[in-house]
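Enquirer: Supplied in structure tokens, the structure appears directly below.
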Amino acid sequence: MTRDEFSTIAYNGLWKQNTALAQLLGLCPLLAVSTNIVNGVMLALATIIVMALANVAVAALRNFIPHEIRIPVFILIVAALVTVVDLLFNAQLHELYVVLGIFIPLIVTNCIVLARVEAFAAKNPPLNSTVDGIFMGLGLLWTLAVLGAMRELLGSGMLFTGIDMVFPSLSPIQVLPADYPGLLIGLLPPGAFILLGCMIAWKNWMDARAAERAKRRPPTPEVVADTAEAGA
Amino acid sequence: MTSTPREYTAPAMALRTAAILFIFVIAFTALLSAVYQWTRPAIEASALAEKMKLLNEVLPASDYDNALLTDTLSLPPTAELGLTEASTLYRARKGGQPAALIFEAVAPDGYAGRIRLLIAIRADGSVAGVRVTQHKETPGLGDYIEPKKDKNKASPWITQFNGLALATTPTKEWRLRKDGGHIEYHAGATVTPRAVARAVHQAVLWADIRREQLFAEGSAQ
């Protein structure tokens, strides 16, 4: 894999094709779990593991999967891998499983995994597919962290609610004054939709601004050469 | 790797894809079953360890020497304990002698619904320990009934039931201080501790009259 390929995959995962902001995939678990940073990050971590594994498995087997039955085979592979990850976590990393465990079955309801398998891993070599899975997951991670932070700040005035479940020595931070009454809508699904909408609008605005700048930039030499040729 | 795609007739094509799908199903089912077999002992062990950890919180491991998880009775739904579903009662013995009964009870009148408790009562009728296993009480207000959320780590609220017995503690003493009893509570959240105190008292009363019978039942093995 070249450096260029790597940065393209990374940019796609983190920003351009961000699963939550651009592809709008897997909104059901996303909205259910993003009530605070800790939950959101936990779901994203579980997703990264499963996506990397599913992508590498499908990419390795892609030449053996007939096109007509690829979807059932992908579902079979993803479902089997989620179960395997669930079992292995439970048996080998039980401490982590207690914290992360409830999020792993949630991934089954998440179409991100199947979408990446179909759109990327089925057409690319295993290494690139693994990187794609990891960066798609990281894109989900920062989106869920920001969305979770906004929701819990709005809903309860706190940050890192539930961190003591992961690191018993840490405790949540009270950001707004303790007598902040809390805006319940932040914690409810409509609040999640509204805030996700704001984030998508923000991303589109950033993209539009970047496109605007690119247009206004003085034409590059190659473009000049092109027009000169055309004029001649 | 570009082999020219061969032409298949429709039935041959159907057979071929079916065969390939079948192979995938076999392979991944085999993978699943292998991982399941391989991880099962570890998963069962940790599930058991978790159960024992909870049981040992209400009854110290040094207070019994039998296999707690196998010396059990199934209780039908018991209204006196607030239980609307069947539950398991564990019988702790030391040197063959009855040591304690461990069972579940529910306080139906918490501030936000039912509060599930695990209670251990010694053979002499005193409470060995109580733990809240499930509740929906207000975080930061009524959830101090759970030792993990109680700010007083040295002697969490729930431990004041330890050692109480019907013989030494008259009925009115099982109530909150506010209601004329002995049980402390945090100002501002009295519904929750009142519900727990009442449920513990009910459970002690329930166990007291049938203790011998519970220890004896079905233990002729």
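Going from the start of the chain as shown, residues are counted 1 onward.
Keep in mind that glycine also has a Cβ here, set from the backbone N, Cα and C atoms.
A quick note: this is a predicted structure, and the numbers were derived from the prediction, not measured.
Not my notes, these are from TrEMBL:
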type	residues	note
TRANSMEM	A:20-38	transmembrane segment
TRANSMEM	A:45-65	transmembrane segment
TRANSMEM	A:71-89	transmembrane segment
TRANSMEM	A:96-117	transmembrane segment
TRANSMEM	A:129-150	transmembrane segment
TRANSMEM	A:182-202	transmembrane segment
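Tell me what's around each of these sites.
Expert: Within its own chain, the transmembrane segment (A:20-38) has Cβ neighbours under 8 Å at 103, 106-107, 109-112, 115, 139-140, 143-145, 147-149, 151-152, 155, 159-163, 165-166, 187, 189, 192-193, 196, 199-200, 203, counting only residues six or more beyond its boundaries.
Residues 46, 49-50, 53-54, 57-58, 61, 65, 96-97, 100-101, 104-105, 107-108, 113-114, 117-118, 122 of the same chain sit 6 or more residues outside the transmembrane segment (A:71-89) yet have a Cβ under 8 Å from a Cβ within it.
Within its own chain, the transmembrane segment (A:182-202) is flanked in space by residues 20-21, 24, 27, 30-32, 34-35, 143, 146-147, 150-157, which lie at least six positions past its ends and keep a Cβ under 8 Å from the stretch.
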